[in-house]
Amino acid sequence: MSTEKNHLSHPSKPDNQTPKSFKRPIWINLIILTFPIAIYFLFQQLSVSIDFYIIGNQPNSSTNLDKNISYMAQIKKILQSVAIALGGAGVILVAREYKKKNFTKAKQYATLAFLLAIISSLFFLVVLGLGVLLPAPFGDIFLNKSYHSQNGLTYYYLILITFVAITMNAVFIGLERAKEKTRFVLTLNICLIITRISISFAFKAIKQNQVNLIDLALADLIANLLLTLVTFYCMFSSKNIFKLQFKNLVFSKRTVKNILKLAVTLIIAKSTYEIGKLIILAMIDSYFTKDQENLVDIFGFVMAVNGIFYAISNSFEDSQSAMVSQSVTFQSNSKTFKIFKNVVVITLIIGIIGVFINQFCGEQLLRALKPEKVFTKQEITSFKEILNWEQTSLFFSVWTTLMMGYVSSYKKNANLIFVINLLRVVLRITILWFFHDILPQLKDVSIPDATQCGLSTFGSNIIVFLTTTYLFVSFLRQNKINQTPRFKKNKNNAL
């Protein structure tokens, strides 16, 4: 959902009219814009936590279901980033024409965006669905063979079908946001949350301790399909300005090419980091799997706890980018840096609260996720160790994302996002490999497994943050944004 506004080209300033949002304080605008996005991100985050709780503790199972949930959750994140990119690419053109009040062209672009999103998502469904059936090691690229058992392969296919539904929903949500229907979007997301949670708990109530991975995937699929029904109803409604009209649909090959090119760019930029995290999980599984402890599921628990506040903070990046784009459009370029400073302060407060909760309530949240599970002392120690390092992401990783989004709002491309995310992945893989394979050979040093995982996160966060800060400051100096406005000041445009 964050992509459709990040890369919009700035239309010319319309008749000296200033949006109402420019008359409110920056921090209020940020909170208003971010609230529905934060709800959506929280739903995606909490859905994993709910899965851990619903699956319960099944000691008789031959498979570590918590480990499978952690791994599959990362695959879902990759697919969601692809779905949002596919859905958001076409919406960018729609929003551009809508702001110009060129409604006929906007309606045609909306139909085209919807068609391309469906076709593209079905293409991914076929490729990913058939790819997993290839013999090793090629099939392992799509889903490692060790996760095929205990309904893992069926779970994989169900989340692929869900991916198609999410892609269509992303187009619809993007179009509604282009019309600035924030309340409606918020309502849809809340309904999605309630439906997903209700179905999951219904499975738990009916099947008691026999809930499996397929049940979790079905709950997610049913909830998203219900939203897809709403999507089709609204997209064919005569009251919708973006009503789908296949008759007399006219578009150029260049338009299709631009949408697909943008979609590919966004997919690469947005999914690189998530793919890297999947590689990290595979490395952790390979390095640290033991009979007494599996760090993959411990790592998943840490992500579930720390991810609550991380999701809230990260949701401000989309709002920041939208406000920066808007301020430049309305010749308020000298105010854009104030937007960034406000977001940094807000996320700093959220991060401090997150660290406080992690330190004093982290173990309680862990036990709330798995109330039926008896954790060993080593598992609790590993959880706390990884959490201590991982919570640095609430600051360094979030601020890195904010700086990337800020610069991308001006440059209108995702190259920086791709490069920084690739750097994140490479550093994290390299650091983990160094601590596990190289350091013990150089010195007689034994670093605990959990500490190795934590340091790979912390080291990557610090280096990437410093690198991004350097690029960010260079960008500010080059454009003199924080000192010299590019446009003449306008009192009516004060943020």
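The backbone N, Cα and C atoms fix where each Cβ goes, glycine too.
Annotations in TrEMBL come from automatic prediction, not curation.
The transmembrane segment feature in TrEMBL is assigned to 26-43 (among others).
TrEMBL lists 78-98 (among others) with the feature transmembrane segment.
Among residues of the same chain six or more beyond the transmembrane segment (110-134), those with a C-beta under 8 A of the stretch's C-beta atoms are 82-83, 86-87, 89-91, 93-94, 141-143, 153, 156-157, 160-161, 163-164, 167-168, 170-171, 175, 235, 242, 244-246, 249, 251, 255-256, 259-260, 263. Annotation source TrEMBL lists transmembrane segment at 110-134 (among others).
Look at TrEMBL and you will find 154-172 (among others) tagged as transmembrane segment.
Per TrEMBL, the feature transmembrane segment maps to 184-206 (among others).
Annotation comment: TrEMBL describes 218-238 (among others) as transmembrane segment.
Look at TrEMBL and you will find 259-283 (among others) tagged as transmembrane segment.
Residues or ranges marked as transmembrane segment by TrEMBL: 295-313 (among others).
Taken from TrEMBL, the feature transmembrane segment applies to 339-357 (among others).
Residues annotated as transmembrane segment in TrEMBL: 392-409 (among others).
Sequence annotations record features per position, and here TrEMBL assigns transmembrane segment to 416-435 (among others).
Annotation source TrEMBL lists transmembrane segment at 455-476 (among others). Panel annotation: around the transmembrane segment (455-476), residues 280, 337, 386, 389-390, 392-393, 396-397, 399-400, 403-404, 406-407, 410, 416, 420, 423-424, 427-429, 431-432, 435, 447, 482 of the same chain, lying at least six beyond its termini, place a Cβ under 8 Å from a Cβ of the stretch.
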Stretch contact, the transmembrane segment (295-313) with the transmembrane segment (392-409), Cβ-Cβ under 8 Å, 3+ pairs: yes
Contact between the transmembrane segment (154-172) and the transmembrane segment (218-238) (at least 3 Cβ pairs under 8 Å, separation 6+): yes
